[in-house]
Amino acid sequence: MSRSSPLELGLSVKKEAPPCTLVIFGITGNLARIKLVPALYALHVKGFLPEIRIVGFARRPWDDATLKRTMEEALKGQILYREDRAASFLTTMTYHQATFDDPEGYRTLASRLLPGGEVIFYLATPPQNYPEIIEGLGEAGLASFEGRPVRLVIEKPFGRDLESAGELNRLIRRWFGEEQIFRIDHYLGKETVQNLLSFRFGNGIFEPVLNNRYVDHVQITVAEKIGVEGRANYYEQSGALRDMVQNHLLQILALTMMEPPLRFEAEAIRDEKVKVLRALAPPQPREVVRAQYTAGVLDGAFVPGYREEPGVDPSSTTETFVALRTEVRTWRWTGVPVYLRTGKRLARKVSEVSIHFKRVPHTFFWEAPLEPGENVLVVRIQPDEGMSLRVNVKRPGYRMDLRPAWLEFDYERSFAEDLPEAYERLLLDALIGDAVLYTRADEVEASWSFVDEVRRGWEETGVPIHEYAPGSAGPREARYLLSREGRRWRIL
């Protein structure tokens, strides 16, 4: 009789939301219209939301009819859209008009909730609204409403440095327990990111070689083709380091390099991720490259440089690209460089982790035209979710001619069902109270501690801001980061 591991048992649990009320603050904004409501509609169509009421909370003078009409328009582009399905889903929605700083708006909100079931508050607003919403909920007694399970979901950015993140954590903890708080990073909702856990700890052939004895280095890339896309006011205050490295890249790093958790449960997994984040070595100034994209041609069309974007200071030193070298100083990973890279206006949109293994210590293929190359394991997060393993094989013929070949796993080709959108998985987890894919306060603060160290190094040593052309792989200085150690980035 086969025995299943706790990890396998945890992964196989079927999920279905209990009766609940979901209050979305900022329902009139782009995030709710483009991501949240379509994801909730998909869950409704698939039968994961048996009984739910969705309350939209915003200051615009809308009513229920306006809300439903607006959201139906947002749903019409969805693959699962059908008029009767949309009509059924929209009956779950109601609108509550109030400003975020109005105490009366929170007191009257209670009458909009279902008479029983769980309550989830989702903050889909700019971060400057978080304190007044949290205070409003707390003062109105909604953080522990009628003894029901109550949860608070918060979008990134969670602070802009360690100090502000700590202040926000302390404010939230005045009213909510840590077990009630769900800090969302939508990258963790992607199937391939989740598959890092099952791949590592569900397959006996890989986990034994994921250590400093066999791994040469690790690369994590999150590249975008788009520019700031009208978000200059936000981006000028954040830059690539705060916007992408602090959350997406460091979360991917933690999942890639964490130790096996005791159980497939939120606290056990987050305990191990925190250990990785706290073990990160702050990079030296020479181990960090920052840059901005210039004006140029991308896909046959002219695009402005970052400093020419509307709303950007013409003398801005905000980075749109950052690459750095770090190391996880643990027994397993000490001595293995980890290279992080992210930027806008790059050659293509791609997010991936690549684990580069050490070459064989001795080769006897003396007559082969090429030496055996390194083995590389690539986890593709987007756009084509899947995995690849590069191995060396003999080319057909009469001599020993070695060539690299790729063993491929592709989600779309391997599974008939459509992959759920990241927000579908994350919303369902929030509704049922599963925090595995959400970040904890100490994770957030450990990430900010690392990022603050990097920024301090910039300020103290004057790390220059380089330039790169749109459609490129970034500045040439980023190539030197690896080439001086005999390595190179994967091609974008």
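Just so you know, glycine gets a Cβ as well, placed from its N, Cα and C.
Those TrEMBL annotations? Automatic predictions, nothing curated.
As annotated by TrEMBL, active site, proton acceptor applies to His248. The NADP(+) binding site feature in TrEMBL is assigned to Arg59, Lys156. TrEMBL lists His186, Lys190, Glu224, Asp243, Lys344, Lys349 with the feature substrate binding site. Residues or ranges marked as domain 'Glucose-6-phosphate dehydrogenase NAD-binding' in TrEMBL: 23-195. As annotated by TrEMBL, domain 'Glucose-6-phosphate dehydrogenase C-terminal' applies to 198-490.
Structure with TrEMBL features highlighted.
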residue : record                       : DSSP (3 states)
Arg59   : NADP(+) binding site         : coil
Lys156  : NADP(+) binding site         : coil
His186  : substrate binding site       : helix
Glu224  : substrate binding site       : coil
Asp243  : substrate binding site       : helix
His248  : active site, proton acceptor : helix
Lys344  : substrate binding site       : coil
Lys349  : substrate binding site       : coil
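Neighbour counts were taken as the number of other C-beta atoms within 10 angstroms of each residue's C-beta; across the binding-site residues Glu224, Asp243, the minimum falls on Glu224.
Counted within 10 Å of its Cβ, the other Cβ atoms near Lys156 (NADP(+) binding site) come to 18, all protein chains included. If you compare every pair of Cα atoms in His186, Lys190, Glu224, Asp243, Lys344, Lys349, the residues listed for substrate, the longest distance is 20 angstrom. As a whole-number mean, the pLDDT of the domain 'Glucose-6-phosphate dehydrogenase NAD-binding' (23-195) in this prediction is 93. Of the listed recorded positions, namely Lys190, His248, Lys349, the sparsest CB environment within 10 A is found at Lys349. Cβ neighbour counts within 10 Å, taken over all protein chains shown, single out Lys344 as the most crowded of the binding-site residues Arg59, His186, Lys344. A straight line from the CA of Asp243 (substrate binding site) to the CA of Arg59 (NADP(+) binding site) spans 27 Å. With respect to Arg59 (NADP(+) binding site), the closest of these binding-site residues in Cα terms is His186, chosen from His186, Lys190, Glu224, Lys349. Annotation: His186 are the binding-site residues among His186, Lys190, Lys344, Lys349 whose CA atoms are within 10 angstroms of the CA of His248 (active site, proton acceptor).
Between the C-alpha atoms of Lys190 (substrate binding site) and Lys156 (NADP(+) binding site), the distance comes to 16 Å. In sequence order, His186 are the binding-site residues from His186, Glu224, Lys344, Lys349 with a C-alpha within 10 Å of the C-alpha of Lys156 (NADP(+) binding site).
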